[in-house]
Amino acid sequence: MDFLRNLFSQTLSLGSQKERLLDELTLEGVARYMQSERCRRVICLVGAGISTSAGIPDFRSPSTGLYDNLEKYHLPYPEAIFEISYFKKHPEPFFALAKELYPGQFKPTICHYFMRLLKDKGLLLRCYTQNIDTLERIAGLEQEDLVEAHGTFYTSHCVSASCRHEYPLSWMKEKIFSEVTPKCEDCQSLVKPDIVFFGESLPARFFSCMQSDFLKVDLLLVMGTSLQVQPFASLISKAPLSTPRLLINKEKAGQSDPFLGMIMGLGGGMDFDSKKAYRDVAWLGECDQGCLALAELLGWKKELEDLVRREHASIDAQSGAGVPNPSTSASPKKSPPPAKDEARTTEREKPQ
């Protein structure tokens, strides 16, 4: 009954003009909103586009995207490299690719450090990331700040359901760079980084955090994602209708038919251009440049540039001294099987 009442109410309001939530639908309008008392909790939704300036390819860009450059692995089709059934039979292509993309070879970008500033200023409610490169962690976001929707290289587990032995980042790194297929020390089954493959469950944390976070968000900041992968893409519709949404991306994303989206329970998508637009802003270009532009409007530009410079210098110093990340040296341990309420990935879901 509540669904029907809500559906009827939304249907009647489709043609009504909502009051704008920003004084203008521009980056400047978003900046002024962020400086007001109304903006206290920001959720970031991020994808591969925030890491490309670090040298990590995205998945879909023509010629330079990951899926256009997998010929050397002789896969039956590009997506097979992230299919759990193919991985269990032929793990070598994935681990060869993992060596090229392994965390620790790249530095966080301006986008990552902009989110760090949001955290330091007490504005970051949560970062939901599709990325598996752990750059958010390297930039200073902590476990509590993150929802790694498509998993992470940070930990790995034995694929045997009866074992599930856990291994730290340092253990997996040694195996990958030695070009040794990682095998469990207990049962000799394959060990896989905790990234979400086709046919695997999303982390339960994705759903538990989503249910509470989006009830209290004041601003949704979407960066570097095509918003094509479900259920991550549906997160933009979880924000209340009274919450502004800013997209920083090379092209517009997340737009959909409002009536169809409402019927399917996935909201109306982004509306940047219609006469009824009232809360959505798109800044088109490189994500780093978008964050710099926003930081300048907020009066944070020098602080952001200094943070990037200081943190990159620290990473370089640690690399030169061979200092390991202390958070990657934990001992292997057992983990319980995944929770039963974790949802399965769809065919379109893939690490991004």
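Even glycines carry a Cβ here, placed using N, Cα and C.
Features of the protein shown, as given by Swiss-Prot:
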type	residues	note
ACT_SITE	His150	active site, proton acceptor
BINDING	48-52, 58-60, 130-133, 225-226, 249-251, Cys287	NAD(+) binding site
BINDING	Cys158, Cys163, Cys184, Cys187	Zn(2+) binding site
COMPBIAS	324-333	compositional bias 'Low complexity'
COMPBIAS	339-352	compositional bias 'Basic and acidic residues'
DOMAIN	20-301	domain 'Deacetylase sirtuin-type'
MOD_RES	Ser16	phosphoserine
MOD_RES	Ser63	phosphoserine
MOD_RES	Ser170	phosphoserine
MOD_RES	Ser331	phosphoserine
MOD_RES	Ser335	phosphoserine
REGION	314-352	region 'Disordered'
Do any residues at least six apart in sequence from Lys250 (NAD(+) binding site), in the same chain, have a Cβ closer than 8 Å to its Cβ, and if so which, in order?
Gly49, Leu284, Gly285, Glu286
Give me the CA-CA distance between Cys163 (Zn(2+) binding site) and Ala48 (NAD(+) binding site), in Å, as a whole number.
32
By Cα geometry, the one of the recorded positions (Ala48, Ser51, Asn131, His150, Ser170) nearest Cys184 (Zn(2+) binding site) is Ser170
Around the Zn(2+) site (Cys158, Cys163, Cys184, Cys187), what further same-chain residues have their C-beta within 8 angstroms of the site's C-beta centre?
Val159, Ser160, Ser162, Arg164, His165, Glu185, Asp186, Gln188, Ser189, Val191
In chain order, residues whose C-beta lies under 8 angstroms from the C-beta of Cys187 (Zn(2+) binding site), counting only those at least six residues away in the same chain, are Cys158, Ser160, Ser162, Cys163, His165
Packing count at Ser170 (phosphoserine) (other Cβ atoms within 10 Å of its Cβ):
15
Cβ-Cβ neighbours of Ser51 (NAD(+) binding site) (radius 10 Å)
27
Greatest C-beta neighbour count within 10 angstroms, which of the binding-site residues Cys158, Cys184:
Cys158
Give the number of CB atoms, excluding that of Asn131 (NAD(+) binding site) itself, located within 10 Å of its CB.
26
Entry from the binding-site residues list Ala48, Cys163 having the most other CB atoms no farther than 10 A:
Ala48
Among His150, Thr225 [recorded positions], residue with fewest other Cβ within 10 Å:
His150
Whole-number Å distance between the CA of Thr225 (NAD(+) binding site) and the CA of His150 (active site, proton acceptor)?
13
To the nearest Å, how far is the Cα of Ser51 (NAD(+) binding site) from the Cα of His150 (active site, proton acceptor)?
15
